[in-house]
């Protein structure tokens, strides 16, 4: 039996390269003899060496526990991170017992601070694939008998017999670990017939001194060679040879060598005996990090662990964690070696260790500390305690890993305090999941953040307000400037070409926006300077006219100046000749929108007067109050049109007042600039809508989380329809969509009703959702036609030819899932019907194969709702969206759509 030799700092640290290559054995055969659970680490990789585990191997080999008189080495850490320079596989010449020689070198403190793991360039040890193992019986080891081979094993590993012969027979040549050849006669005979090794077998048994209970292994490798190895049964050695050092000497030697190497960063050599060692004590660093820092365990948690059984097979045994503590808190404090005390379920596991290490077990209940393959995210928030570095400052996974460095030493007084294990070898495990529900964010977090920031802007130093606003709105993306400039081009076309229809003007503006990208880029610095001057000017006017506006525009004056219900809003911009100011206000509209959208202010005339400071009192009042009975949509008479920007406020939010921006000559305003960060979960897609004051499904192109919407309306006294290009939001992309033909789209309050993410038929006022099924074209379904789930399932069965399949999903395997407005994927039928009808976004029909794939955690089966909506609408409205340009692609989202 090979034991660890006495190690010292003066002994040779590694074998010569040529000698090491000569001694290196066949990797497949060596691993087959070592056992199915043994895997040597890759050369030139980083490993964790446990002196405590090395001492266990010595104690198991010598049948003597560690003596308490052995000196302690306080400077030797319980786990030593090393570089593996060399691995050589060996086999004892007499017993064929396998062992490995490893040359390690502890990492320096500078190397331990490296944030990335180096790529493992070495080749992994080759494991056997085509082999069989059999435990010898008494007849197999008798001198007059042969070796009986199981039929399946013989057909799998041995070369095929020629059954035309009688009896079928052949000669086999096998090589052992020492490259010795052994010849056997393979014959198929007996009653019943079986595969036997006859001639040559008894010679092999005698030479190897095999007994019943030992095992033999045959391997057929890729080179069409037959390999032969043996694995001896564990037999306790009662008398140690006198030439072998005592157990205490070996313990002292290995500890002294490791302590000297740790202090001097020098190389040292160890020997690993997989058949004698209770557990591996040289662990790959990636495996160690995953188990210790990315697997949460607690007392009472269930787990399973792999064990080797008869004939080189493995089996999982179940157990329960009963305690988590140090195995030896005096000599090895803060050690992860066998830190988990367990209780085994089966009584037959009496020979199993009562304590195990974290990397040896597989907890049955774990927490999502690294990304899961299952595409569905958690429906309810879970306070995981994950740090929020990189979430709101634009940091990515690398920033997150750099901030959340992994603590690998629980003793704060020793060596390096942390390791940033983020690199090639462990990236699938070490990228934490960034999810707003996991971070415990409440739904109104974004509104609270925006309100707090707005208060600071409103009452803070004016010199600090506008540069930050300008930097966010104008330099975040080129598209922010393109939007405003595009709006100015539209205004110019409307002003100088009054005979064109609104739709033609919008289409021409899109074409020019496509072809004049170079011109727009050249005008962007000029646009930024103009916006800066405009913002500063507005701020000065706000400070000067605050008291004046509060006195002149009281609520009594506003009520007196209200127009009658049969009159329309006058063309204030045309009468006052304020086209330049209105156009400038459009260019700087993003600051107006961002400021007035979120803040709750008790004096709405103040902000309107700041933006349109040259309007008279009556004109400003007309801008604030719109008659409920007026026909606000028009398609002709373009010079007299007015565009109003409203913030439709939920009835339960009395502190939020509608803010209306009025623009002369009525270009289409596409929300210029970049919006402040907000969740993308409330965004929606609108294609068509029709006037219906009682239908709450009419909506805007943007919806915030609290139900507040931002819409574009048009006021005109002549006709009741006009073309408004809609906005589509998908991910971080906001593009114009097909034109919205609308009439009387306002509710009784003068604003659009909240969006429910459902398309509206312009001819019937019916609400539609889209239904998808793999292998079939998508269909649109009027959800208002149904009053129960049974009617919905019957219609889906008829549309997709699935009669009788959707009513009984347990029997048929077909499942119906839907995406709601919160981008959650749920089963159809779990919610009350009315709640389902109000929240459904789209429906997906899953086949039995897709359900199984989903259960197994298949990626991509249910893609993110944002991506799926983008794809589906691009298919349905290709002609409309193909020519449209991205006019607000710089909209930021705090939480991503994809989970």
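Start at 1 and count along the chain as shown; that gives each residue its number.
Glycine too: its Cβ is placed from the backbone N, Cα and C atoms.
Your range for region 'Disordered', going by Swiss-Prot and the list 505-545, 546-586, 587-627, 628-668, is 546-586. Given the ranges 1-20, 21-40, the record in Swiss-Prot names 1-20 as region 'Disordered'. Taken residue by residue, the domain 'PB1' (766-850) breaks down under DSSP into 29 helix, 27 strand, 29 coil. The helix, strand and coil residue counts that DSSP assigns across the DNA-binding region (132-234) are 15 helix, 41 strand, 47 coil.
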